[in-house]
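Colleague: Here it is, the structure in full.
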Amino acid sequence: MTLSSFHNASMAWKVKANDRPYHHLPEFKKKVFLCIKKSRYSGNAIKTYKYNVLTFLPLNLYEQFKRVANLYFLVLLILQIIPDIATLPWYTTLIPLVVVLGVTGIKDLVDDLVRLLSFRKDKTLFIHREIAVQKFQESKWRDMQVGDVVRMKKNDFIPADILLLSSSNPNSLCYVETAELDGETNLKFKLGLRVTDERLQDERQLAEFNALIECEEPNNRLDKFMGTMLYEGKRYPLDLDNMLLRGCKIRNTEVSHGLVIFAGADTKIMKNGGKTRFKRTKIDELMNYMVYSIFVLLILVAAGLAIGHTYWYEAIGSKAWYLFDGKKQDSSYRGFLMFWGYIIALNTMVPISLYVSVEVIRLGQSKFINWDLQMYFLEKDTPAKARTTTLNEQLGQIEYIFSDKTGTLTQNIMQFKKCTIAGRSYGTDIWNQYADRSFQFVDHSLVECIRSGKDKDVNEFFKLLSLCHTVMVEHKDDGLVYQAASPDEGALVTAARNFGYVFLSRTQDTITIKEMEEERTYEMLALLDFNSDRKRMSIILKFPDGRIRLYCKGADTVIYERLSPKSRHKETTQTALDIFANATLRTLCLCYKDISADEYEAWSELHQEAQVAMSDRDAALDRVYEQIESNLMLIGATAIEDKLQDGVPETIAKLAMADIKIWVLTGDKKETAENIGYSCSLLTDDMQIHYGEDVKLEPATYRRGKKKPAEAFFPEPGKNALIITGGWLCKMCKGLHDNKHGGMSLQIDFVDMACECEAVICCRVTPKQKGNVVSLVKKYKKAVTLSIGDGANDVNMIKTADIGVGISGQEGMQAVMSSDYAFAQFRYLERLLLVHGRWSYIRMCKFLRYFFFKNFAFTLVHFWYSFFSGYSSQVAYEDWFITLYNLCYSSLPVLLVGLLDQDVNDKLSLKFPKLYLPGQQGALFNYKNFFISLFHGIFVSLVIFFIPYGAFLQTMGQDGEAPSDYQSFAIVTASSLIFTVNLQISLETSYWTFVNCFAVLGSIAIYFGIMFDIHSAGIHVIFPSVFTFTGAASNALRQPYLWLTIILTVGISLLPVICIQFLHKSIWPSVGDKIQRNRKKYEMELLQEEKKKKAPAFERGRRSRRSAYAFSHSRGYADLISSGRSIRRRPAARGIFQESIREVPQTAAENI
């Protein structure tokens, strides 16, 4: 492939400014259907709603009948229309099916109406489009097309993905709010190219603009854009910093001009509107398999009864004259018809309302999480948020937690604490007018060194901190407001400011600082930004005296690899790093390099070529950066403190008591993470610490094909902890590519070894490696996993885990936007799992066990009745009872148990973490429980059928009439069933409220009320063929004998359950049973503990620990600064700034 053809393949999207016909050329057409073609460029009209008045009913029904359960009942309904096999009237299936479809349809309709209102709100906004008369004209969003030049005003939503050309701000700076994309309300910076800023300001210039844009195809990557602009014979590189994405909002910029690149369905926000990976719970999978098992059981039972009918008809039915129906059908054909008849009669074994009930319960449980005030963070006005309703019970089954460190366990609020400069450590008076009043670093010797100006290393140290960064600055209210890409950068620039090196302003070419009251401007030649692979950033500056110098800061591991052999103070700096680590500080190394003019010119050419590379631009830039970042001279190192969040040690200790294993996955250095591990009680002094590099994993040592080694990796008794690095992890997993079996064996051995440990810490891991570690545990341990993090680097593992939790911290909202659950502090995880998760799991398991039981008990009565009805598929109940049983008579009590039940209250749940263990073991709902429910249902159905059957044999009523007719028998069995199932759920209920009492008694009352109504003569007169049990209820239930039969039936049905529960709680009590028995005692103890509770003093462990810093902030603003774009020009005059540096608040909207 030639270079030009490769270029065309990678940059297939072409946009011509102010030229609509260009985009309709034949080469840009795509086939739609047969020979019909249309332009590949989408218009800007979009439709986010699914339905309209005409399409709602057919389209929604089509979507619902794609679900197997609904389709199954639709087939049953069709079968019931066939006279030869219709054993039940059609309405017995139609009414439940309509209710289920109706509830789901209403939910879908409400969701779609919300989308419709949002759409109508958007489409009334107006934009300005360039037209032939060289004037802007108001136009609706839907009329805009690719290639149009548009004008946007302050507070406008951006209507498409637009290339920024110019703005009313100096140097075409444009501020945008990206809350619609990533949930962040702090403002972002976008800049136009210098060439478009200078030449495209008035309407005539914009109308004559005819550049050709070549860029990547439309995709869903919000963090990347690559293209070039061909304008007046010269090619200019384009990236994401030039793009204004649809859904963002213009802020602090009066007027902006742009060129539409992607419109409508091609925009990045619309490309991200697709379905994400659907997460299912273990209970979901079990439930589906059990429904399939019930369906198989239904077919087997129906087939057996059909065979029974065949033999019965051959032996008895065909010879009994009174059974002759006038149809000339042989016994085999009649058996075939009976098979379908029993499929209809026994269809209630497959519960139609199960899935709807489960969704209602999950929705309620999600609301309880959202409403929990004890998970509400007052300081940020942030409540807990369940962003999904499908995973609640999975919260009660977590076995492994994978946690980020910075911002998740720690506060991610950085403070400059110590430093080492030229081998001397400092850090043990605020003297300049720019100082931050909250700055806590105090060292008089360092202050004197700076004031004297004699120590060149000290001056270089703080000059580097004030120059080598990507911080943005604003002058507001006689103060400086900085916006940093990470809290680390903000802390370092703050430190330089407080020591007299104040960053004042920058343009695309220069950066201005005040050095000891003297203002100096440096020419910026290049800015080499941070990324997760480089772990460093550099800036190349031209000094006022003509010297060219590179300043670099980064993680010690990457800096020491690039130091010149002539560099001094390596050993003393490393010693200082170890000392800083003992104080759990995050460290960063600083260095510099002087560059000759010739060397810079040669490197600059390579840099410019890499900047306009059409493919693998990032990799090309990294290679160029590597060439210049060598032979560096070490200046010193900084140490920043990041404190633990409140309640982290207590939370981790509680989760460990619940047998939940916690892994910390962090980009920090090993020593830092280890020290934090001790601080947060993840590591304890009684643990044996193992390091990955000291562990030898050899696949040949163990038997191939075994998932577990022959013996334990750590045979010594006691607790173990494992600490590994990303490099070791990468080397270990690399075997998978070299040798499939050997690599897989290494992975299995690693997972087995790590899972033997109480705690695992993975250091220096990339975001991709975080996701890989979670995948390994899921794959080889089949365990339920949870990932928790607060930044964009945690999104991968949050999406990979069974449950993702996002913390709304200092690193934006990317993690929250990708999560299933979100809250503000790590300590809330304890309540989410041990209270809400455990309750949700117990409730759902109890609901499912009872739901299956009540359906088996209800349906299998037909099975026993078939032995006495010639296997003729006649039903044992009245048709309307079958219709309303799951809808009205037995649904509400079990639904409330699924919503409200709790074995112990929340305080006892937190006091006794061992209560969490049954969920991890899946002990409350599995195939064993399913078969117990099945056999329980069989037993109850036997009792409900045979006791009334025996009671009805050769009986005589008080009035001399025999009550042993079919209708009376159906009423007695139905009444016995209703009493039994409602009293059974009462025995299962642990937490009684007025609502539960009302539901149980109300269900029984509704049964009798409806039964007497539909058995009345009045309704029979109106619908004689539908309501055939006229007077049956009043006639049967006036007989004391039948009431005694009902009482006996219910008593025998419930007696074994009562006995078994008594024996279990008395002889084999569970942990929960013991706690329930002593509930009042424990509650009193809790009250006494709360009164005596005092804040625990911090106690450092006795072990020697080292720590260091990993340069782990997100990508900065280097591209905005260095690629021909600039920041606001600084004002001409500057007063005395009283305000200290401060982060731009996330709630900033109008002004920075």
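Note: Cβ is positioned from N, Cα and C throughout, glycine not excepted.
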Colleague: To which of the residue ranges 646-665, 746-765, 826-845, 966-985 does TrEMBL assign the term transmembrane segment?
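Modeller: That would be 966-985, per the transmembrane segment entry in TrEMBL.
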Colleague: What residues elsewhere in the chain lie close to the transmembrane segment (1017-1034), defined as a C-beta under 8 angstroms and at least 6 residues from its ends?
Modeller: 89, 91, 878, 880, 967-968, 970-971, 1011
Colleague: Let's check the environment of G667 (ATP binding site): how many other CB atoms sit within 10 Å of its CB?
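Modeller: Excluding its own Cβ, G667 (ATP binding site) sees 27 Cβ atoms within 10 Å.
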Colleague: Would you identify which of the binding-site residues R586, R764 has the most other C-beta atoms lying within 10 angstroms of its C-beta?
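Modeller: Of R586, R764, the one with the most crowded Cβ is R586.
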Colleague: I'd like the number of other C-beta atoms within 10 A of the C-beta of F530 (ATP binding site), please.
Modeller: 24
Colleague: From the Cα of G667 (ATP binding site) across to the Cα of D794 (Mg(2+) binding site), what is the distance in angstrom?
Modeller: 10
Colleague: Below 8 Å Cβ to Cβ and six or more residues apart, same chain only. Which residues does that give for D404 (active site, 4-aspartylphosphate intermediate)?
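Modeller: Non-local contacts for D404 (active site, 4-aspartylphosphate intermediate): V664, L665, T666, K770, I788, G789, D790, G791, N793, D794.
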Colleague: Mind checking which residues of the chain, 6+ beyond the ends of the transmembrane segment (333-358), have their Cβ under 8 Å from one of its Cβ atoms?
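Modeller: Residues packing against the transmembrane segment (333-358) from afar: 67, 69, 72-73, 76, 79-80, 82, 84-88, 93, 96-97, 99-100, 103-104, 287, 291, 294-295, 297-299, 301-303, 305-307, 309-310, 313, 317, 844, 847, 851-852, 855-856, 858-859, 862-863, 866, 871-875, 882, 885-887, 891, 894-895, 898.
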Colleague: Based on DSSP, tally up the residues of the domain 'P-type ATPase N-terminal' (18-94) by helix, strand and coil.
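Modeller: Taking the domain 'P-type ATPase N-terminal' (18-94) as a whole: 34 helix, 9 strand, 34 coil.
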